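Here's the structure we're looking at; comments come further down.
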Amino acid sequence: MRKVNCIKVITRAHTLGYCGGVRMAVRMAEHARAHHRGSVYTLGPLVHNPVTLARLRARGIECLDPAHLSFALHAPAAPGAAPHAVEEKTARTVVIRAHGVAPEVYEALERSGAQVVDATCPRVKESQRRAQGFAAQGLHVILAGDRNHGEIVGIEGYVRAGAAQACSHLPGGAPDGMLPQVQCFVVQNAREAAALPCLARAALLAQTTITQGEYDAIAAAARTRVRELTVARTICAATARRQAALRALAPTVEALLVIGGAHSANTQRLLHTARETSLPTWLVERVEDIPPDIYAFSAVGISAGASTPDCVIAAVEQALRTGGAPVASRVSSSALPKVSTCRAVCAAATSSVGSAGASGAVSPGAVRPFAVGSVR
């Protein structure tokens, strides 16, 4: 039996929900579906929120996984194929998600003849540009974040591109088969940063969704391993604002509810921030996930990750006020698209490009000259 609803005050964090980059990506995908002929795909999940993904799929926007990537890249008409079949395979649009992709993936899609809609977050684009620039100058690049996150995997590709540029600056160019001594490391915490090899010069960039505290700790550890370290400010202000708003909300409530996708990096960081307050804290993706125990508190604060749509926030707030779950807000988990790992997407595309030059696929975890690697 559900406990009596004792919630008297529900307070939203001052800043919560969709950030500008996610809102832009969703609108671009919906615009593509409304105005482009043929199939519309997103390359991997557009955002890490199951409700948003289900809504996009209901509108005819499919999530492309690695098993179907070859179809997107190479879709020649079969001999004797009917005209409508040719049109169905060639009139296709691929939307690059907010997290971005490696440049070789983008180039492979363009060569395939697909119409590419680039919905990469502008802040992520800036990180890509800076990472490529540092590598082109011959600096090693250290990325602070989740090594399997799409944003990090994409930025690694820009480090490869920058290292290739560094090659062109060598007198007479690089010898055949030789690549510049530019290495890229992905570190997920200060402990991994402290295990970096000793480096002369390197640049440190953050995944846009990590907390400032995490980044500061990683930077401090990296300074003990790098003689000359450039620390770039690449954390998204929207992420920092949501975390600050949650901290400001905490003293005024008895419990916290964070709304967002379980696989969303920014939502997980928000959840971590909430738990640091020592208040009872729960993560919910939709109304059905609201825990009965929360109704025992009289004052509840709510926040939401940057990929959480407004409609879900409103539905959860309504359910907290009424003690019930509105049927209209429910989305079946069976309707969610299959989510594939970002590295698999990147690997599938790079293998289609070929192994020559900077576009060669690199095994995750390997660290070698001009290799994208991870400190374990």
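Each Cβ is built from the backbone N, Cα and C atoms, and glycine gets one as well.
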Check your understanding: Looking at Swiss-Prot, which one out of T208, T224 binds (2E)-4-hydroxy-3-methylbut-2-enyl diphosphate in the same site as H48, H99, H149, S264, N266, S307?
Key -> T208
Review point. Which one of C198, C236 goes with C19, C121 at the [4Fe-4S] cluster site, as Swiss-Prot has it?
Key: C236
Point to revise | Distance from E151 (active site, proton donor) back to H99 (dimethylallyl diphosphate binding site), taken between C-alpha atoms, in Å | key: 5
Check your understanding: So what sits near S307 (dimethylallyl diphosphate binding site) in its own chain, CB-to-CB under 8 Å and at least six residues off in sequence?
Key -> Y18, C19, V22, V47, H48, N49, T52, A98, G260, G261, S264, N266, T267
Point to revise | Neighbour count (Cβ, 10 Å) for C236 ([4Fe-4S] cluster binding site) | key: 24
Check your understanding: In whole Å, how far is E151 (active site, proton donor) from C121 ([4Fe-4S] cluster binding site) when you measure between their Cα atoms?
Key -> 10
Exercise for review: Restricting to the same chain and to sequence separations of six or more, state which residues have a Cβ under 8 Å from that of E151 (active site, proton donor).
Suggested key: H99, G100, V124, S127, G145, Q207, T208, T209, A265
Review point. Inside 8 A of the center formed by the CB atoms of C19, C121, C236, which other residues of the chain have their CB, for the recorded [4Fe-4S] cluster site?
Key: G20, G21, V22, A98, P122, R123, V124, T208, T209, A238, T239, N266, A306
Exercise for review: Please compare the binding-site residues C19, C121 by how many other CB atoms fall within 10 Å of each one's CB, and tell me which has the fewest.
Suggested key: C121
